[in-house]
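Peer 1: My questions all concern the structure below.
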Amino acid sequence: MLLSFSSSSLSSSGLKFRTEIGSREMEKGIRALKGLVVGRLHQVKLKSGLSYNQIAEKTGLTNVYVAQLLRRQAQLKPDTAPKLRAALPELPDDLVHEMMKPTMRSYDPDLIQEPTVYRLNEAVMHFGESIKEIINEEFGDGIMSAIDFYCSVDKVKGVDGKERVVVTFDGKYLPYTEQRSEDMVSRISKEK
């Protein structure tokens, strides 16, 4: 987040520039710290010799959620921690503690340049309008949640015998609400 000030006493270009640079540097620092934790988690996974699918089977999680945990894109819940520790016995206490903190669910903007990520984005963009129309036709005016959401990646054989990738998005349907002022809690509380 870039900070700027409109007050005449604070609007010198020098202060604004330093504030913007400081904010960018802070974001870079957060990403760097997250990268160190993710690197350590990746080493634990490598030492285990287990795949994401194998860890998922041992923990009862989806393979994508396991990857999200190990990339610090999801928070490890207290009930799941013992299962993950059983699957990855070399997982140290400090990393478990770090994984249980709310995470910064951000990503490197350059990630889109990675070919697999680019193709996934391209597929969603290409099919997005059609998917949206079908969601609206089947459910009504609303969206698919990315919070109450499950995702998995599976490998299957196609009719031609070649390997195929199946990516499943399983999200809760969230209808848009009609914004009637009589239902607006903040307005109701002001009227009392």
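Each residue, glycine too, has its Cβ placed from N, Cα and C.
Quick paste of what TrEMBL says about this protein:
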- R119: active site (ACT_SITE)
- E122: active site (ACT_SITE)
- S145: active site (ACT_SITE)
- 41-95: domain 'HTH cro/C1-type' (DOMAIN)
Peer 1: Rounded to the nearest Å, what's the C-alpha distance separating S145 (active site) and R119 (active site)? Just drop the number here, would you?
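Peer 2: With the alpha carbons as reference points, the distance is 22 Å.
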Peer 1: I want to verify one value. Collapsing DSSP to three states, which class is R119 (active site)?
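Peer 2: SS state of R119 (active site) = helix.
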Peer 1: Once the DSSP letters are reduced so that anything not helix or strand counts as coil, what is S145 (active site)?
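Peer 2: Reduced to three states, the DSSP call for S145 (active site) is strand.
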